[in-house]
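Structure first, then comments.
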Amino acid sequence: MHWPFQSIATDTVSIFTAPAPELFRRGTWQPPKTYDSDKDSAASTRRGSTLIPDYVVNFIRGETPESVARRKQNGGNRGMRAVDITHQHRPQRSHMALMMLADDVEAGDGGGRRRGDGDDAQSHVTSTSTTTELQQILRDGQRSRGGWRRVTTGWRSGVLLSLVLVLVMLIAGFVCLVIAGTKITSLAGPMDLFTGSCSAAATLNWGLHALINVAVVVVIVGANYAFQVLSSPTRTEVSEVHENRKWLEIGVPSVRNFWYVGRGRAFLAMVLLAVAVMTQIIYNSLIFTTTAGTTYDLIAVEPSFLTGAQFSNSSSSNAAALSRAQLLDLQSLLASGGGALTNLTTTACVDLFDDTFNAEYSNIILSTSDDNSLVATAQAGFGANNTTTSASTLITTTATTSGVEILVDGSSVSYCLAERTASPTCTVNLNPAVFATILGLNLVTLLLMGATLLVHQHSDPLVTLGDAIASFLREPDPSTRDNALVTRENLRLGLGGWGFTEGKYWSPTRTPLWLSAPSLAQWATAGSWWLVATALAAAALILTVVTDKTGNVHGLSPFGIATPRTTYLFTESSSTTTIIPAAALAIAVSTPQVLLAGLYFSTNALLTAFFLSRESSLYTQRPGRNGAAPRSLRVSADPVGVQATSLYLTLPRPVSWALAVWFAAMGFVLSQSCFVVSVEESDASSSNHLRGLGLSGTALLVLLAMLIILLLAVAAAGLQRLPPSQMADGRATGNPLAIEGGSCSAVLSARCHRMPEEAGVWMKKVLWGVVTSAGGQDAGSHVGHVTYSARGVGELDGNRRYI
């Protein structure tokens, strides 16, 4: 008599005296320790027992209908303690629990004995549909029991960590907004955080922007992490796509997958990415600095005035409305040596006259070659006569062969003396409206992170390489059967791709470089972002160096500070006109941060492709006496057997952290390269404003250098070669598991057609190479088979075809 699902088989029951180990519970079936931890509850055991019919449980125990009947006659299990069930029909020896327990025994065998190395064929366990279903039941049971532990391991722990960090930022920001709300009456205008010396204001501005860009990177990195999870397909989606002879990308963040994965996940991923980019822009528009601009008086005098000679002044030539007492005080200062005055060259004078505003000097004395004792004055600079005026009412400039000449009423100016202002002041401002917007974006990010955790609550995306290999080994993909050496290029061109089963030769000429791993689209995307960012940084740097009509080359403006010469006004207004709101202007000026966000995502995708190919290549045989040791599969969630899981997806944490720190630094440098310049008249009663774009030459130079270093670092990584694979003829070249031209689910599945007798190989440490059947009948065949195996694997022979 046989079980309902059992074909004709001969079961031999032999009686022996030694008691058999009690491998299973009496009343209910309990999974072995490979799946259940010691903390599993009895409830989960009862749940497992209700899923499987009794006759299947008895079959797993190794019993036959006759042995069950005999056991009942003997009063239960006691009479069967000395019964050894030996099944001689291999297709029916699908004992899931025994297979798992035997695997554990073999893994810990002190003699290092392997199954399949010359053992009798009857010693192997064959996979059947029942085994596969039971494996899935065990996996589902572990998933349902995971609870908090499942959320805090694998990719879910990464998303949860990002969610917690964003929550901390949201709470801290809300507290700061409440405190700020007690000091302001409206969100419309800027809030003063600090007013004092410009050097202290600059230091505070740098510190706040550094902190801001750390927060930005937390959001950007978390969004990229969740984006890769959301864009990763499930096994069902992969199978559907393969049926239509298409493929998906696994192990990398992918926009291409959005056409084939769930529409809800695709929408969620795109919104998360867009919110992250908006966060980077708006965060960097939160803080700006206001400088107090001043007017300055131009005073044209003859050389004798400097030594205390008599002078005359008339109202017709005194546009600055200086009193005679003021002129006498100035003359006394000059006669005493003028230690408080700075001697400026003619060129420096011209630059000062052409500047947008002046925050450094209060009086400019022009020494003319005229012997006229009449003193002429004019007023210039920000706020003069309720507007921004220049010195053109008093002076004219002409270009000569020797440079620029300044003329006052036709008389040439020999040099200039400038009196510095006592202590220029600056104010660090915060945009309350922008701050409130940031909190809103943080809240949206928090909700999107939570949705990412929920969207895959009942499914397992193929996020990592190990996820894909485990899935395809557990359930081989029929669409890629007998085509183990297929490439993405084969599939794209239709030559040797879908449906090809004749086998292929593997004859590599050299080991591929890391840079061959990304697709052409990934290289083009990253290259475009880098070129645009670098070109704009270089153009802005040139603009800050050469800015005047004569093409003179100037020194670089200080880091994070825009000089009047490197400031480009957007508005010029008085109290009777409307100016651009500071918040809107700050957001507009921060839009170049989009370039860094795009560059981060594309660079991360390149490096992820590099390490995906490297991780794949480590599963092949290596040169050397001992070759390569079998490796565990690194999965993104719910590890079983000897599988491993980690916080990172594909890009190792040291590389990911280094990239994040580098882009946080670049974001900070960019915020100090291009920023809002706000100038207000030093007179508190005035409502005059100047607002525009400021450029810092030194910061732009640093940013340009960082972009070049980034390029060199990626190129240096890409020029590394993957570890070579050992060939049958002794050569160490090439690597059949290298991923070239981009990730491809069909290529990965083609490499994972396991041997039938290795049903549980996906839970073990594996290597990829040439395998033979349990009996070794196909060892001398002209067409070999390559796949992942927990048994010994052989090297590829360039003269042999493989499927």
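Heads up, the Cβ atoms here are built off N, Cα and C, so glycines get one too.
Keep in mind that TrEMBL annotations are predicted by a computer and have not been checked by a curator.
Annotation comment: TrEMBL describes 25-47 (among others) as region 'Disordered'.
Residues or ranges marked as region 'Disordered' in TrEMBL: 107-141 (among others).
The compositional bias 'Basic and acidic residues' annotation in TrEMBL covers 111-122.
What TrEMBL lists as compositional bias 'Polar residues' is 123-135.
Marked as domain 'DUF6536' by TrEMBL: 155-306.
Sequence annotations record features per position, and here TrEMBL assigns transmembrane segment to 159-186 (among others).
Feature annotation from TrEMBL assigns transmembrane segment to 206-227 (among others).
The transmembrane segment annotation in TrEMBL covers 266-283 (among others).
Beyond the transmembrane segment (433-455), the same-chain residues lying 6 or more positions past its ends with a Cβ under 8 Å from any Cβ of the stretch are 151, 156, 159-160, 162-163, 166-167, 169-170, 173-174, 176-177, 180, 187-188, 219, 222-223, 226, 229-230, 262, 264-265, 268, 271-272, 275-276, 278-279, 282-283, 285-286, 583, 586-587. Look at TrEMBL and you will find 433-455 (among others) tagged as transmembrane segment.
Taken from TrEMBL, the feature transmembrane segment covers 529-547 (among others).
Here TrEMBL flags 579-612 (among others) as transmembrane segment.
If one looks beyond the transmembrane segment (657-679) by at least 6 residues along the same chain, the residues whose Cβ comes under 8 Å of a Cβ in the stretch are 206, 209-210, 212-214, 216-217, 220-221, 280, 284-285, 288-293, 356-357, 359, 382, 429, 537, 540, 559-560, 562, 567, 582, 585-586, 589-590, 592-593, 596, 599-600, 603-604, 607, 651, 689-696, 699-700, 702-703, 706-707, 710. Annotated transmembrane segment per TrEMBL: 657-679 (among others), in sequence order.
The transmembrane segment annotation in TrEMBL covers 699-719 (among others). Sequence-distant neighbours of the transmembrane segment (699-719) (same chain, 6+ residues past either end, Cβ-Cβ under 8 Å): 513-515, 526, 530, 533-534, 537-538, 540-541, 544, 556, 559-560, 599, 603, 606-607, 610, 662, 665-666, 669-670, 672-674.
Outside the transmembrane segment (159-186) by six or more residues, the chain places 151-152, 215, 218-219, 221-223, 225-226, 229, 430, 432, 435-436, 438-439, 442-443, 445-446, 449-450, 452-453, 647 with a CB less than 8 A from a CB of the stretch.
Over the domain 'DUF6536' (155-306), the average per-residue pLDDT in this prediction is 88. Here the transmembrane segment (266-283) has Cβ contacts under 8 Å with residues 212-213, 215-216, 219-220, 222-224, 226-227, 230-231, 257-258, 434, 437-438, 441-442, 444-445, 448-449, 451-452, 455, 587, 590-591, 593-594, 596-598, 601, 667 of the same chain, all six or more residues outside its ends.
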